[in-house]
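Copied over from Swiss-Prot:
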type	residues	note
MOTIF	3-20	motif 'Bipartite nuclear localization signal'
MOTIF	35-49	motif 'Nuclear localization signal'
MOTIF	96-117	motif 'Nuclear export signal'
MOTIF	195-242	motif 'Bipartite nuclear localization signal'
ZN_FING	63-80	zinc finger
Amino acid sequence: MPKRDLPWRSMAGTSKVSRNANYSPRAGIGPRINKAAEWVNRPMYRKPRMYRTLRTTDVARGCEGPCKVQSFEQRHDISHIGKVMCISDVTRGNGITHRVGKRFCVKSVYILGKIWMDENIKLKNHTNSVMFWLVRDRRPYGTPMDIWTVFNMFDNEPSTATVKNDLRDRYQVMHKFYGKVTGGQYASNEQAIVKRFWKVNNHVVYNHQEAGKYENHTENALLLYMACTHASNPVYATLKIRIYFYDSITN
């Protein structure tokens with residue numbers, strides 16, 4: 001028995017509607033991709049030969065795997081006078097967190113945590129910014145210099161810090177960032193998340209000592225300087241700092 005023609009078949013100018021049509025109001029909402037984005041995110045086989053053959057390797061040049069990691073977890077009391085810590089302290093050994101010999105390359109640095117104020121300070125109406133500097137010390141000696149010795153500041157303000165002219169050859173600022181917290185009874189922002197990941201490719205050299213200390217560095221120590229801009233209200237920073245490094249093949 002043939003099917004009966006439905007009323008919409010006899011109407012002029014109508015077309016059959018698919019059952020799979022999506023009438024959801026969200027159907028037309030989605031990420032718009034233009035030609036520029038498609039070109040930037042094009043697959044590797046559509047790129048020139050130079051991009052396909054000259055890709056950087058995961059292992060740093062002159063090094064060998066596996067990728068090792070060292071973590072520094074600490075709560076810091078950051079004041080206006082600043083603080084410094086060495087993040088290239090790696091003890092000599094055979095573990096996944098140790099260096100095999102004198103030389104290794106820090107491939108990348110990962111900083112994760114937050115800056116926050118205590119109960120008494122967060123009730124005061126003020127804004128405080130915490131400045132961070134990742135510095136490479138090319139010729140480390142003795143103990144790390146404090147922030148006032150390395151940086152030149154106008155009116156004792158850490159936000160205007162630049163490396164002193166006579167120390168520019170030794171200290172090199174690799175990265176710089178800041179986090180801001182605000183105190184008060186109403187529109188307060190008492191804590192701020194800190195999250196940074198950098199590729200540094202820093203080749204560190206130790207002496208014959210096994211302990212991972214700043215005084216045992218001979219070349220390219222990594223230092224993290226911290227200071228807040230408010231003179232009377234300190235800030236706390238709970239940070240986990242991880243360095244990913246490879247041992248040198250010349251050890």
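Glycine is treated like the rest: Cβ placed from N, Cα and C.
Computed from a predicted structure; not experimentally measured.
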Response to the item:
The answer for the zinc finger (63-80), taking Cβ pairs under 8 Å and residues 6+ beyond its ends, is 87, 89-90, 96-99, 104-105, 107, 115, 130, 156, 158, 226-232, 234-249
Item to complete: For the motif 'Nuclear export signal' (96-117), find every same-chain residue at least 6 residues outside the stretch whose CB is under 8 Å from a CB in it, and list them.
Response: 60-63, 66-71, 78, 87-88, 90, 128, 130, 132, 134, 179, 181, 183, 190-208, 212, 222, 224, 233, 235-248, 250-251
